[in-house]
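S.K.: Not my notes, these are from TrEMBL:
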type	residues	note
COMPBIAS	1-18	compositional bias 'Polar residues'
REGION	1-248	region 'Disordered'
COMPBIAS	26-42	compositional bias 'Polar residues'
COMPBIAS	50-66	compositional bias 'Polar residues'
COMPBIAS	74-90	compositional bias 'Polar residues'
COMPBIAS	98-114	compositional bias 'Polar residues'
COMPBIAS	122-138	compositional bias 'Polar residues'
COMPBIAS	146-162	compositional bias 'Polar residues'
COMPBIAS	170-186	compositional bias 'Polar residues'
COMPBIAS	195-212	compositional bias 'Polar residues'
COMPBIAS	220-237	compositional bias 'Polar residues'
REGION	260-315	region 'Disordered'
COMPBIAS	270-286	compositional bias 'Polar residues'
COMPBIAS	294-310	compositional bias 'Polar residues'
DOMAIN	383-467	domain 'Ig-like'
TRANSMEM	616-639	transmembrane segment
DOMAIN	715-988	domain 'Protein kinase'
BINDING	LYS749	ATP binding site
Amino acid sequence: MKTQSRSVKGQDYSTHSKTPGHHYMKTQSRSMKGQDYSTHSKTPGHHYMKTQSRSMKGQDYSTHSKTPGHHYMKTQSRSVKGQDYSTHSKTPGHHYMKTQSRSMKGQDYSTHSKTPGHHYMKTQSRSVKGQDYSTHSKTPGHHYMKTQSRSMKGQDYSTHSKTPGHHYMKTQSRSVKGQDYSTHSKTPGHHYMKKQTSTRSMKGQDYSTHSKTPGHHYIKTQTSTRSMKGQDYSTHSKTPRHHYMKTQSRCVKGQDYNTHSKTPGHHYMKTQSRSVKGQDYSTHSKTPGHHYMKTQSRSVKGQDYSTHSKTPGHHYMKTQCRSVKGTRLVNGNPLACNCSHKWIQKLQTSKKILGSRAGDIRCEKAGHPIKLSDVAFSDCEFPRADVKSETVTVNESSTFSVACKEKGVPKPTVRWKTDSLLSNFTTVPKSYGEDLIIQNVSSADAGFLQCVAESVAGKSTRDVRIYINSAPKIVSLTGPERGFHWCIRYVISGYPTPKITWYKDGLRMSDTQSIYNSVSKARIGFSNTTGCLLFQFLTSKNNGIYRLEAKNDFGSDSKALKALFRGGSKPQLSNPKFFPNKPNLPTNGQFQPSMLSPDSNSRQISTDTGQNMENIIYIAVGVGLFTILIITILGIVLFRHYHKKHSRTTTESTFSSSSSQHPLLHSNHVTPTSQPHPIVLMPLASMHIVDNPAYHQKHTSVSSCSIRYFKVENINFIRELGEGAFGRVFLGTCKDLCYQGDVSMVAIKTLKGSPSEESKSNFDREAELLTTLQNENIVTFHGVCIDSEISMMIFEYMENGDLNNYLRSHGPDAKSLTKSSVLIKPLSKIELLHISNQIASGMMYLASQHFVHRDLATRNCLVGDKLIVKIGDFGMSRDVYSKDYYRVGASTMLPVRWMPPESLLYRTFTVESDVWSFGVVLWEIFTYGRQPWYELSNHEVIHYVTNGRTLQCPENGVCPDDVSKIMQGCWKRQPHDRLSMKDIHYRLDRLCLSQPTYLDLIA
């Protein structure tokens, strides 16, 4: 014990002796060199302690005790506990015993003994005094003291370490000390004791305040090790237990595990096992880390830990490292090679589920581990549920049955999941499985039924889709509601989906710019259809009786309501410029719709029956005026059509090139992934707010797909708007655009420099594509000009520029971002929703045509007058917003902040990747044009996104919760889990319609 004390003292060991070993052991040397030392002990370590106790006291000892050896130890014990403890402990030996005693027996033992270090000292106390010191130490504490004794003895440390315990401590010493172990200490025993001191420093308060002793060097090394743990060390663990577990977690996940220790697992895993046994083990084991610790605890305790791997700790930890990220199944589990693990063997075929180390999972057979993938299970077949047909179509009120057959060994059990059924049903067990019989089926039972087959080998399911043929029934028809537009809502049940027809005052209605029917079909397999009759231009002429008729092959139904606009009152908008072409909407209280009786039908509401004379006259006048209006509109349209047709005879021709027959013209038959270079297009999303004469024509004829040709003398350049990789974009004018003699502002996209044949081919192909996409939600493409040396495309001009700049200049920080002294009110929530809905509408159209945008962002959306927003990309945003792109190679620019993981990792661009980008666009809109991940570099963004991180939804009080949910739905890791653009547009449309009043709209 005195020897150990001298090692602990640090500086005294080297400063008070020139020959440390000899001088220090001067007293000891007498006994060591005496005859008793060599002749009376076969176990030098144990006998030596006994001999030393006799020699330590010398003559002084014999004057104070009769049984020197035994009494000395007893006296020493008393002196530790008594008054002499503090007054006589100047010698190194006493001082060490003082430290030892305080850890073992003093009050400090109970107040500071929560950490593993104090617990260890308690165990050391026992092992020092008992005979088990060298021979019987099975507990961790004894085992540790045994190794300490070895390391104090010098050469025995490395030459006699054949037992597991010795090897364990030797490995631990390397793991803790790293390279310093061999470079700063020639006497392993001293360095080891130095580690013992530092262990106390690490656990207790001395960690930061008393690091002057040799342990300081160790603490410094330990500090650097903690520095390697990264930011997660401080941000993800607050409690001591979590803090301790965090080190384990970092070992598993980081590269430090492999680079800084070759066999760190032995001691660490054993200690970790104790900490796993705390309360957190069972109560908090939901995260992958906790689950991992639970698995580790089993493997540490089991036989596999020491018997089935060459370097158990390292091999186990390495396997765990890979498994934690992809799966909860690890190599350390003591799996049995029987049929109950057949399902795991089946999962091994999928690397996406279990990761690249899936093949390393082992099981035990006759006490020996073998790869689970190599096991051939006898009489074990994965269960399977079979149904005759995956779709069943039956008539309402009928009775039908569906059979589910089982297959597999051993024979699985079969059951139907019937939670969704409302009708009466029975299940009948059969020799082949189970039959489900449904009596008097109703339309509410439409949907999915699931059959489950389960055995010891695993479980499988099979879905059956049920369609219920039924006559339409108008479930609800509610009076006009005031949202973003006035709307008559309805819900209709019935399958097949009914055909919907609206009648006003007995006359059949057709969709127009001002009144149209918006249908939102329910999910496939469900019978309800919801929709809305929308009114954009609302005046007193809209007064009348509206009847809804729904019809399919199994019947029909109709309901009607009466809507009255008294005097055509107009609401007072604070900014009437926003809707210059619209009559203002009625204010609250001026619109008074009234419902007819619920059982009203077409016969009951006919204008010539069941109504008084006043209503008949009123309706007749309305019908007459309506007829005159229709005739007038038809005359205007025919007149314009005649003039356009006449003017085109000299200015329009079919544009043909080598790429005229390019397959992208038939892109609606081509999936996005089959296109090597999807074309970046420019769609729009409008809410049918403002009449656009460019969209009045229906482009359904063959000639509508021809490219319109403009003469160069009709085009005039005003100024340059920007420059991109494709070419430059100019603001200009074009004559004869809409009709003869007309001069319109346009955006002119030019082909850069001396174009190659490939550039010309791409130019021709894009022109053909834009011509085929004739839709009101796309930036208007007028045509091309190839008369001059520079090829040009003529587009609609949007006077308010790109959306990103518009949002910033109309946001809360506009004053600091713009030079204008005019105070501009920030865009309101309804205006932001209106912008979002327009973009969603445009993207929905592109998705329906199987086109992929690839660069959707607010910088590529254009803003026109009256807050009309359209999607467009003239190729110039890469120049203006160069910081939004990440350069790859010489010419490739990637918008990494808007790209999903699959696009970053594999350069895959699909309709689903556009959905991810739309979620980022929503984030931009509701943060008034902020750059996504503005606090990170492009490299950091790639790391964050590919590792599963997403943007935090804005919490500025402007972004509704429903919009946040849409963002989260766009940012699902798996593309097939993301919302569709159709669903997104529907949700945003409903949000716009649900707004109670109009707010100011600033153009």
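In case you wondered, yes, glycine gets a Cβ from its N, Cα and C as well.
Values in this document were obtained by computation on a predicted structure and should not be read as measured data.
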S.K.: From the DSSP assignment alone, can you count helix, strand and coil residues within the domain 'Ig-like' (383-467)?
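M.R.: The domain 'Ig-like' (383-467) comes out at 3 helix, 55 strand, 27 coil.
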S.K.: Work out the three-state DSSP category of the residue listed as 'ATP binding site'.
M.R.: strand
S.K.: Please work out the number of neighbouring Cβ atoms within 10 Å of the Cβ of the residue listed as 'ATP binding site', leaving out its own Cβ.
M.R.: 24
S.K.: What is the pLDDT of the domain 'Ig-like' (383-467) when averaged and given as a whole number?
M.R.: 88
